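> Could you have a look at this structure, given as structure tokens, before my questions?
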Amino acid sequence: MAQAQTQTQSGHAAPTDRVTRIPLAFPKPVAWLICFGCALCLLLLFCISAAVLFWRGIGVWGNNIPVNWGLAISNYIWFLGIGHAGTLISAMLLLLEAHWRNSLNRFAEAMTLVAVICAGLYPILHLGRPWLFYWMAPYPNTMTIWPQFRSPLTWDFFAVLTYLTVSLLFWYIGIVPDLATTRDRAKKRGLQVFYGILALGWRGSARHWARWRQSYRLTAAIAVPLVVSVHSEISLLLAAGPMPGWTSTVFPPYFVLGAAFSGFAVVSMIAVVLRDVLGLKALVTERHLDLLGKFVLATGLMTAYGYCAEVFDALYSGDKQDLGTLMDRLTGRYAWSYWGAVLANFVPLQLLWLRWARRNPLCLFMVSAAVTVGMWFERYMLLVTTLYRDYLVSSWGNYHPSFWDWSLFAGMLGVFFVPFLLFVRFLPVISVFEIKEAKFEESEAQHA
Amino acid sequence: MREPSAGYPLFGLMAEFDRPESLIEAVKRSRDAGFRRIDAYSPFPIEELAEVLDFRDRRVAWLTLFGGLFGAAAGYGMQAWLHLDYPILVGSRPTITPQAFMLITFELTVLFAVLFSIGGMLVLNHLPKLHHPVFGVESFHLATRDKFFLIVFGHDEKFDPVQTRTFLESLDPVRVDVVRQTEEPA
């Protein structure tokens with residue numbers, strides 16, 4: 001009996017100590033500093049690029065009529081898509097009681113948050129006068145006018161703002177109990193105060209837990225349709241313009257699934273890196289990689305269906321413009337982006353049918369990296385191949401991203417990595433209390 | 001349930017347990033013994049604890065519903081009203097267009113449901129509250145790691161510093177501690 005007791009004790013203590021020791025005594029401080037330094041340089045590049053953009057105007061970018069949505073909007077769609085995986089993993093799998101999610105949800109949600117911030121910055125920077133972005137909000141003003149609520153651009157404002165707020169709150173109330181755990185493990189006064197304030201004085205009272213659980217599950221249930229709505233709304237942003245190639249009815253699910261596909265790929269990459277660097281192989285096991293691989297494969301095949309449906313739609317419509325856009329995609333000037341997307345998204349993906357490939361961290365990482373690049377090609381292809389040749393031959397034109405387009409994109413990676421690296425360094429990256437809860441429930445089920 | 005105010009000489013008595021099952025059993029027996037003002041602390045949510053504590057507060061769920069309804073009404077109402085206030089006529093389309101208003105209505109429904117749900121949860125839990133008498137117990141920092149605690153509050157009708165202690169010790173805990181009132185800042 002005594003032995004059994006020590007076992008259950010250590011059963012709960014081991015994962016706690018394994019995760020809380022990371023922010024309190026970081027295992028790889030030098031490697032972290034090097035990464036953080038690089039990320040800070042990228043962030044500096046972002047600031048410079050944004051300053052040049054503000055100072056000299058949108059003309060420093062390559063977009064112009066007819067391709068007036070260049071890298072800024074394709075990157076916006078790409079980043080926001082990546083941000084979808086966190087909420088899907090956290091909310092959907094929570095409601096499905098898939099306990100394995102507990103090892104992944106925290107950093108997936110953190111990734112979502114920073115990705116949505118990157119995404120949200122793009123449309124603002126893309127405005128001709130970014131400092132007036134608050135005109136999108138309905139507020140009483142001296143001009144006595146209101147936003148056009150029927151415009152997808154206004155929908156965008158509400159959708160991204162809601163998504164950001166809900167993701168932030170969901171992530172925060174999910175991390176509060178673990179912040180309390182870190183607070184109670186911290187030895188230094190400064191750290192105790194830091195985690196103490198962030199933990200809001202959480203003490204694990206049964207009544208608190210009961211209310212917390214109601215709130216957490218309800219938020220999760222509401223977040224799932226929210227995720228679906230956000231990327232559907234983005235596809236409507238395209239569909240509202242009567243452009244060939246943007247009016248297929250498969251667009252909303254095609255965008256949502258593509259978003260989940262790229263997001264799961266990024267979560268897989270982060271999982272592979274974190275478990276290795278932070279010594280979390282006991283919590284993020286090969287089984288987790290296996291399941292992530294299956295998710296990437298499944299959402300990838302659904303995205304492939306979207307590609308087929310899109311081609312079918314153009315052929316079936318028989319519309320000259322739609323067929324023209326299809327031919328432009330397959331053989332036109334920007335055909336590299338179409339074939340790049342097809343090759344990078346779906347060819348390496350087929351490896352994930354094999355069990356060893358899903359369980360091999362390096363292999364999963366490489367496939368996911370290919371998918372991330374491939375989905376970037378797809379977003380680029382969807383915008384540029386449609387816009388560069390529309391109905392009138394007189395309005396045909398080409399698009400070349402300029403230096404400042406690329407520098408802003410590189411800098412945006414700094415906006416992504418700086419907060420994410422701070423999260424990895426200072427906050428509990430894995431949801432320990434949910435792992436303990438699952439452990440307890442499993443042992444209950446065994447005894448019952 | 002309110003916790004004891006500073007007027008009570010003792011905040012309560014706290015028993016520490018090693019295993020979640022022991023805590024659930026202890027809560028059951030305390031309820032059977034007639035204690036009503038009790039609480040339990042655990043490192044992770046345990047559904048059974050809420051049941052044995054007879055916790056039946058559904059206000060968070062109602063608040064979420066209310067927030068959702070409020071958001072939906074505010075979202076749709078705002079768009080309809082502002083379009084009436086400043087009609088934008090495009091190709092003689094109607095001023096009030098429910099289909100086009102639905103997305104923002106949906107987003108605000110979600111936003112307010114979540115704000116009310118999480119805000120309500122924090123307010124009903126009296127959080128943030130950075131300090132609390134239970135933090136004065138020496139081993140309480142393990143409540144977020146792998147220990148389980150039961151407290152009988154000092155304002156329970158059956159509370160008696162000596163007898164309650166004897167009762168708690170009969171539950172086979174690791175130890176029983178006195179939870180003192182913390183001094184309020186002047």
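Think of each number as a place in line: the chain as shown, counted from 1.
Yeah, the Cβs are placed from backbone N, Cα and C, and that goes for glycine too.
Straight from TrEMBL, here's the annotation block:
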type: TRANSMEM; residues: A:30-55; note: transmembrane segment
type: TRANSMEM; residues: A:75-95; note: transmembrane segment
type: TRANSMEM; residues: A:107-125; note: transmembrane segment
type: TRANSMEM; residues: A:157-180; note: transmembrane segment
type: TRANSMEM; residues: A:218-241; note: transmembrane segment
type: TRANSMEM; residues: A:253-274; note: transmembrane segment
type: TRANSMEM; residues: A:295-316; note: transmembrane segment
type: TRANSMEM; residues: A:336-354; note: transmembrane segment
type: TRANSMEM; residues: A:361-383; note: transmembrane segment
type: TRANSMEM; residues: A:403-427; note: transmembrane segment
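Could you place these features in context, so I can see how deep they sit and what lies close by?
Same-chain neighbours of the transmembrane segment (A:253-274): 77-78, 80-86, 88-89, 104, 107-108, 111-112, 115, 227-228, 231-232, 234-235, 280, 284, 288-289, 292-293, 295-296, 299-300, 302-303, 306, 309-310, 345, 361-362, 364-365, 367-369, 371-372, 375, 378, 424, 429, counting only residues six or more beyond its ends whose CB sits under 8 Å from a CB of the stretch.
If one looks beyond the transmembrane segment (A:295-316) by at least 6 residues along the same chain, the residues whose Cβ comes under 8 Å of a Cβ in the stretch are 245, 248-250, 253-254, 257-258, 260-261, 264-265, 268, 322-323, 325-326, 342, 345-346, 349, 352-353, 358, 367-368, 371.
The list of residues near the transmembrane segment (A:336-354) in space but at least 6 beyond its ends in sequence, with Cβ under 8 angstroms from a Cβ of it, reads 261, 293-294, 296-297, 300-301, 303-304, 307, 329-330, 363-364, 366-367, 370-371, 373-375, 377-378, 380-381, 384-385.
The list of residues near the transmembrane segment (A:361-383) in space but at least 6 beyond its ends in sequence, with Cβ under 8 angstroms from a Cβ of it, reads 67, 69-71, 73-75, 77-78, 81-82, 238, 245-246, 258, 261-262, 264-266, 268-269, 272-273, 275-276, 289, 292-293, 296, 300, 329, 334, 337-338, 340-349, 351-352.
Long-range contacts of the transmembrane segment (A:403-427) within the same chain: residues 23, 26, 32, 35-36, 38-50, 52-53, 60-63, 70-72, 75, 79, 107, 110-111, 113-115, 117-118, 121-122, 125, 175, 179, 182, 274, 278, each at least 6 residues beyond the stretch ends and with a Cβ under 8 Å from a Cβ of the stretch.
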> Which residues, given as numbers and ranges, are at least 6 beyond the ends of the transmembrane segment (A:107-125) yet have a Cβ under 8 Å from it?
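Residues packing against the transmembrane segment (A:107-125) from afar: 50, 53, 72-73, 75-77, 79-80, 82-87, 89-90, 133, 153, 156, 160-161, 163-164, 167-168, 170-171, 174, 263, 266-267, 270-271, 274, 408, 412, 415-416, 419-420, 423-424, 427, 429-430.
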